[in-house]
Amino acid sequence: MGKRLLDKLWERHVVTTNENGLDLLYIDLHLVHEVTSPQAFEGLRLTNRTVRRPDLTFATMDHNIPTKDVWNITDRIAKQQLDMLRENCKQFQVPLADIGDEEQGIVHVIGPELGLTQPGKTIVCGDSHTATHGAFGALAFGIGTSEVEHVLATQTLWQRKPKAMGIELKGKLQKGVYAKDIILHLLSKYGVAVGTGYVMEFYGETIGTMEMEERMTLCNMAIEGGAKAGIIAPDEKTFAYVKGRKYAPRDYETFEKKWFELYTDADAIYDLHISIDVTDLAPYVTWGTNPSMGVRIDEKLPEKHDVNDERAFSYMGLIPGQSTYDIPVQHVFIGSCTNSRLSDLEIAASVVKGRKVKEGVRALVVPGSKRVRDAAMQKGLHHIFEEAGFEWREPGCSMCLGMNPDQVPEGEHCASTSNRNFEGRQGKGARTHLVSPAMAAAAALYGHFVDIRKESYDGAISYS
């Protein structure tokens, strides 16, 4: 019987197996940020240990930093965590993309753009959306703080091998429908626990048509379905993306030959298989308090089915059967490790070019990294957004989570390109609606949700 992509990635990294069936995996890349690392570094100090492989470790500042005035850090805990990361990286000789550094940005944005993320690697980070890197054919997953310490000290991690889920995507997406809509559809149909105990492998003709940044969006939110990770077999698009980046292998051709072996064999069998035809898929909007509570833009909100629905409707200030078009939007956030890359900003800019943000709506665009910011500004995207009434910010996690100054006021609704809509995720009492960059941009113009498929934009920005 053939092997799945998961099998090939896993087997290449097993150091040993213990009596309980746990495998000790070698970790090829450890990404670090300021929130989940302080206790881990302190653990090294208390036990007089060093970081085993600083050269396989890379840190950045992203969660806590302000995006309006990056140096004006007024929150005491945030400043303490940022200062500690700077001190820890200096002491343990870990490379750091500090505030203001040209490589700084959201950890799951800078990994791929710097070429740190590569096919065949095992990648971990103290952040649940580490699955993003699986778009490159890497086995990438989030870990807890105690595990962060273990990897820092040993460059290994004890893990139980998950099962493999194959998610086949067939058909061609309509104009105005994106990878974000695919994953929101998957979650709305199968729920937030469908992937528990599995690694999701996305494959099929639809994947072949997707660019790398769309694939990253898919894998980024695999965790929202309960999966350990999301992976996609590397192909020519993957190799072209990695080639020439700062940390890409110098002996690139040798690595590329090995990467060509990373695919699921034709006779391999998944433990669970799901097939989705995306041809008639529509833009999605979440209405509730987890990512599975979503509907097509052309559907009405569902009826209450259980106490969770009742609580969600109450928290969100919505009613069953309400039209998605009637959901008010006071805030728009285009950013996060899900949708803050250059192509995301280009799509949003193509929607708002020459138009104005609705009076009373606050709209933010937060590039995922300094490099994304600079590339967007070279193309004049910041002028398009600012002329439309958006705020153009510095890189960071920003309004994705309520850990920095960018928050949504209590009781107000935000169209967000992020990945989670839990109660209080964007601030106390904030009401979050997950959408694609195109849908978020359109909501900023109208002050409510609209069907982006009916808007007169071409999905690609013209710089004339």
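Quick reminder: no glycine exception, Cβ is built from N, Cα and C everywhere.
Among the features that Swiss-Prot reports, [4Fe-4S] cluster binding site is placed at C337, C397, C400.
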Cβ neighbours of C400 ([4Fe-4S] cluster binding site) where a neighbour is any other Cβ within 10 Å: 28
Position of peak Cβ density within 10 Å, selected from the binding-site residues C337, C397: C397
Mapped DSSP class for C400 ([4Fe-4S] cluster binding site), helix or strand or coil: helix
